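Visitor: This structure is in structure tokens; I'll ask about it shortly.
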Amino acid sequence: MNDNLKPADIVREEKAQLDFSRAMSYGDYLHLDAILGAQQPLSPAHDEMLFIIQHQTSELWMKLMLHELRAAIANVAQDELGSAFKKLARVSKIMEQLVHAWDVLATMTPPEYSAIRPYLASSSGFQSAQYRCIEFALGNKNAAMLKPHAHRPDLLALVTAAFEAPSLYDEALRLLARRGLSVPASHTERDWTQGYVENDAVESAWLTVYRDPKQYWDLYQLGEELTDLEDAFRLWRFRHVTTVERVIGFKRGTGGTGGVSYLRKMLDVVLFPEIWKLRTDL
């Protein structure tokens, strides 16, 4: 090994491909021209670039999250739990990534945000179609949340499909019923567009699983994957609240909500209630 090699010598020695006139390059594969050209600040403020990239990268992570969630829901519906577990674990890690992403936006100070806020008009993360699909896939159904997408038939179709489909938890309960556990028909054959209502019989079914993990190991693991997922989702929401409060205080959000007050209320939403309640009753 020659420790005196210069960088140019290393590239030559490794025979790295340098000519892409007739081959697909890294930028070609990733369509980087389109991605890196998508940041179009409207204000003269230096910090608007941070604001745009924060939200664009979050949307990319949410695209992957939806890709994994939809596949995981299909896996659970088909009793393919091994495949579902891998995807749900990945979703939890994506949420962890998004939690840390708030640390970057938190470097924006109130005066810096105030300089760009007038240029945002009524645009808001509240209107994110992908985030709404994630909430619907996790069971937080609310018909009013379709309205922000009514002006875009393509987006309306996307969120409506998620709204009308069984959620991850719906499919988990149907799986428990297929395995012979006593889950009421009111929770396995219901109107999927309605919000989930906590049920004692559902908790009893989960308690059966948690009292005998050895017999119901894969269902027990499913319960813990759901717990991990909601735990990660809560942290993501909480970090959103604290970042918004740090940057804008209690001003109303650009989307018309109360801002921090709205986000704090959303922290109280429980997605998989029986899995949390059984920990007290076990």
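Even glycines carry a Cβ here, placed using N, Cα and C.
The feature substrate binding site is assigned by Swiss-Prot to PHE51, ILE52, ILE53, GLN54, HIS55, TYR113, ARG117, THR254. Swiss-Prot lists HIS240 with the feature heme binding site, giving sequence analysis as the kind of evidence.
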Visitor: Taking only the Cα atoms, work out how far HIS55 (substrate binding site) lies from the residue listed as 'heme binding site', in Å, as a whole number.
Guide: 12
Visitor: Using Cα coordinates, what distance in whole Å links ARG117 (substrate binding site) and HIS240 (heme binding site)?
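Guide: That separation, Cα to Cα, works out to 17 Å.
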Visitor: Work out how many Å separate TYR113 (substrate binding site) and the residue listed as 'heme binding site' at their Cα atoms, rounded off.
Guide: 15
Visitor: To the nearest Å, how far is the Cα of ILE53 (substrate binding site) from the Cα of HIS240 (heme binding site)?
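Guide: Rounded to the nearest whole number, the Cα-Cα distance is 16 Å.
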Visitor: Of all the binding-site residues here, HIS55, ARG117, HIS240, which one's CB has the most other CB atoms within 10 A?
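Guide: Counting every other Cβ within 10 Å of each candidate, the maximum falls on HIS240.
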Visitor: Which chain-mates of PHE51 (substrate binding site) that are at least 6 residues away have a CB under 8 A from its CB, listed by sequence?
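Guide: Residues satisfying the criterion: LEU105, MET108, TYR113, ILE116.
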Visitor: Measuring Cα to Cα, how many angstrom lie between GLN54 (substrate binding site) and HIS240 (heme binding site)?
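Guide: Answer for this pair: 12 Å between alpha carbons.
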